[in-house]
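Listed features, source TrEMBL:
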- Lys80: active site, proton acceptor (ACT_SITE)
- Ser29, Phe30, Ser31, Thr76, Asn101, Asp116, Tyr252, Gln280: shikimate binding site (BINDING)
- Gly140, Ala141, Gly142, Gly143, Ala144, Leu250, Gly273: NADP(+) binding site (BINDING)
- 21-103: domain 'Shikimate dehydrogenase substrate binding N-terminal' (DOMAIN)
- 129-177: domain 'Quinate/shikimate 5-dehydrogenase/glutamyl-tRNA reductase' (DOMAIN)
- 273-303: domain 'SDH C-terminal' (DOMAIN)
Amino acid sequence: MNALPTATNVFIDGATQWVALLGQPVKHSFSPAMHNAAFSYLEMNWRYGAFAVATEKLGEAIRGLAALGFRGANVTVPHKEAVMEHLDAVDPAALRLGAVNTIVFSEGKRTGYNTDGSGFMRGLAEEGVTVAGKSAVILGAGGAARAVIFALADAGVRRLTVVNRSADKAEALLKAVVTATGSDSDGEFPSKRIEYAVCPWEVEELRHHLEEADLLINATSLGMVKGGRIEPYPIAIEKWLTGRPFIADLVYNPVDTILLKTGRDRGMRGQNGLPMLLYQGVRAFELWTGREAPVEVMQQVLKAKMAQP
């Protein structure tokens, strides 16, 4: 492939179509570079801009984008849930999840979608990882964990274990999955049966669940670089990481996380958060434009951004 396209390759004029990222903060986002490179590669007169929006201004921002003729938007923290009340329609999958990360402006309507779960699953598929009938351990019970767990449930996972400091929060998340997917208290889904468990940050319990796990997912910020230091795990990884699960660490800064490195030393395969970041963006691009996204271009831009100090 030739040199990657950049924003400087794009001429902005009165016919330029716009897409926005709304969040607080947004200056750290890789999405503008990824999407603008894709637009440039396909020679589309489209541009993607990031805008910091305070929570109390979110409704005004959405209405402003619609009034200005924007074609779409991404929504990131802290607005993924609050944005739903400012939309005309929400895709059933996003409605069930209770969060929107992508908006399409079309024919006077504002429609919300969520591409996080499908992005995660496509990243796993890229590594040849299947989840039907398998057992998964998820670290965390926040928004990322919620998207992942719903996607795993839809894909036919057999057992879900949520590890979290707050057992109440983990139980509430699992209850939400049960309610939204129409299962009963025994975890019985239509044509599926899923077992549930909540696990505290305790060595022996962690090891017990991981011994039989096929997949370990870090859906927290543990291991991420923050303020020049890596956010530590509550318990040293080498004390509890066992078995042979495939590791999906949603952290991508650093690219090679302490969880991935420890797992690799113990013969475990894994991937960082880049595939999920990439493929949620790919799906959003295709929703906005109706065109096939240039995946390789977008992937190379993300890798280049991540390699920067």
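Cβ coordinates come from backbone N, Cα and C, glycine included.
Note that the structure is predicted; figures quoted are calculated from it, not measured.
Structural mapping of features recorded in TrEMBL.
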residue	record	DSSP class
Ser29	shikimate binding site	coil
Thr76	shikimate binding site	coil
Asp116	shikimate binding site	helix
Gly140	NADP(+) binding site	coil
Gly273	NADP(+) binding site	coil
Gln280	shikimate binding site	helix
How many helix, strand and coil residues does the domain 'Quinate/shikimate 5-dehydrogenase/glutamyl-tRNA reductase' (129-177) contain under DSSP?
23 helix, 10 strand, 16 coil
Under 8 Å between C-beta atoms and at least six apart in sequence, can you list the same-chain neighbours of Ser29 (shikimate binding site), or say none if there are none?
Leu21, Gly23, Ala50, Thr76
Using DSSP and collapsing to three states, where does Tyr252 (shikimate binding site) fall: helix, strand or coil?
coil
Largest inter-residue Cα distance among Gly140, Ala141, Gly142, Gly143, Ala144, Leu250, Gly273 [record-listed NADP(+) binders, Å]:
17
Against which stretches of its own chain does the domain 'SDH C-terminal' (273-303) lie, if we need a Cβ under 8 Å and a gap of at least six residues from its ends?
1, 4-5, 19, 30-31, 33-35, 37-38, 41-42, 44, 46, 71-72, 74, 101-102, 104, 113, 115-116, 118-120, 122-124, 126-127, 248-252, 255
Counting only residues 6+ away in sequence within the same chain, which have a CB under 8 Å from the CB of Ala144 (NADP(+) binding site)?
Asp116, Ala219, Thr220, Leu250
CB neighbours of the residue listed as 'active site, proton acceptor' within 10 A?
23
Cα distance, Gly140 (NADP(+) binding site) to Tyr252 (shikimate binding site), nearest Å?
16
Out of Phe30, Ser31, Lys80, Asn101, point to the one nearest Gly143 (NADP(+) binding site) in space (Cα versus Cα); all of them are recorded positions in the record.
Lys80
Neighbouring recorded positions, C-alpha within 10 angstroms of Ala141 (NADP(+) binding site) - of Phe30, Ser31, Lys80, Gln280:
none
Same chain only, sequence gap of 6 or more: which residues have a CB within under 8 Å of the CB of Gly273 (NADP(+) binding site)?
Asp249, Leu250, Val251, Tyr252
Neighbourhood of Ser31 (shikimate binding site), C-beta criterion under 8 angstroms, separation at least six:
Leu21, Tyr48, Ala50, Asn74, Gly281
Mean pLDDT over the domain 'Shikimate dehydrogenase substrate binding N-terminal' (21-103): what is the value?
96
